[in-house]
Amino acid sequence: MGAYDGAEAPRAAPASTAANSRPSRLLLLHSLLLRLVAVVLSILVIAVMVHAKQRVMIFKAEWDNSKAFVALVTISAICLGYSFLQFILSAFHLCSKSWKSPTKCWAWMNFIADQILTYAMLGAAAAAAELAYIAKNGSSRAQWQPICSTFNTFCTRAGASIILSFIAVLALANSSAISAYHLFRRPSSSV
């Protein structure tokens with residue numbers, strides 16, 4: 001008979017905890033960097049959008065005249081606060097000598113918060129992009145004239161802020177993917 005004559009195959013020894021924690025620490029480092037990127041981009045989105053103002057003769061265009069731009073700044077501020085808090089917590093966990101994987105409850109909270117903020121930022125960026133499109137091209141059906149030829153500085157700054165917000169969405173989405181990995185990679189016995 002062969003090597004497997006009905007007897008159970010020998011079981012592999014469990015991997016050491018140090019070997020198991022290495023990928024988690026590496027992912028935590030990536031998450032840390034992505035959250036730092038999200039913080040910086042959120043600051044830039046807010047700073048550039050808040051300075052999107054222009055006056056031409058008696059007319060003026062300001063970012064706070066539009067609910068879509070106000071929503072983008074508000075959501076960016078919330079993402080800034082959340083990403084900064086997560087950055088601090090991730091840095092603490094990464095530098096801690098007694099580092100261990102987050103609990104299942106903590107992983108769920110991170111995953112849900114990351115998902116909510118990623119989609120909120122995506123929605124705010126999309127609404128602002130639609131408004132910018134109308135400002136640039138107008139709307140013949142609504143009989144709205146394009147304003148970017150008159151308010152070029154305003155439109156340029158608003159557009160830059162919108163581009164930065166979509167880049168922030170990418171950073172938040174990648175952070176969210178790492179949160180999902182931390183949550184769903186766990187075996188069911190660790191619930």
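Placement of Cβ uses the backbone N, Cα and C atoms for every residue, glycine included.
Annotation source Swiss-Prot lists topological domain 'Cytoplasmic' at 1-25 (among others).
Residues 72-73, 76-77, 79-80, 83-84, 86-87, 90-91, 93-94, 161, 164-165, 167-168, 171-172, 174-175, 178-179, 181-182 of the same chain lie 6+ residues outside the transmembrane segment (26-46) yet bring a C-beta within less than 8 angstroms of a C-beta in it. According to Swiss-Prot, the transmembrane segment annotation covers 26-46 (among others), on the basis of sequence analysis.
If you take every residue in the topological domain 'Extracellular' (47-68) and average the pLDDT, you get 85. Sequence annotations record features per position, and here Swiss-Prot assigns topological domain 'Extracellular' to 47-68 (among others) based on sequence analysis.
Annotation comment: Swiss-Prot describes 69-89 (among others) as transmembrane segment.
Annotated topological domain 'Cytoplasmic' per Swiss-Prot: 90-114 (among others), in sequence order.
Marked as transmembrane segment by Swiss-Prot on the basis of sequence analysis: 115-135 (among others).
Taking H, G and I as helix, E and B as strand and the rest as coil, DSSP gives the topological domain 'Extracellular' (136-157) the counts 8 helix, 2 strand, 12 coil. Taken from Swiss-Prot, the feature topological domain 'Extracellular' applies to 136-157 (among others).
The Cβ of Asn137 (N-linked glycosylation site) lies under 8 Å from the Cβ of Pro146, each of which sits 6+ residues away along the same chain. According to Swiss-Prot, the feature N-linked glycosylation site maps to Asn137, an assignment based on sequence analysis.
Taken from Swiss-Prot, the feature transmembrane segment applies to 158-178 (among others). Tertiary neighbourhood of the transmembrane segment (158-178): same-chain residues 27, 30-31, 34-35, 37-38, 41-42, 44-45, 48-49, 52, 63, 69, 72, 76, 79, 83, 86, 111, 114-115, 117-118, 121-122, 124-125, 128-129, 132, 135, selected by CB-CB distance under 8 Å and a gap of 6+ residues from either end.
Annotated topological domain 'Cytoplasmic' per Swiss-Prot: 179-191 (among others), in sequence order.
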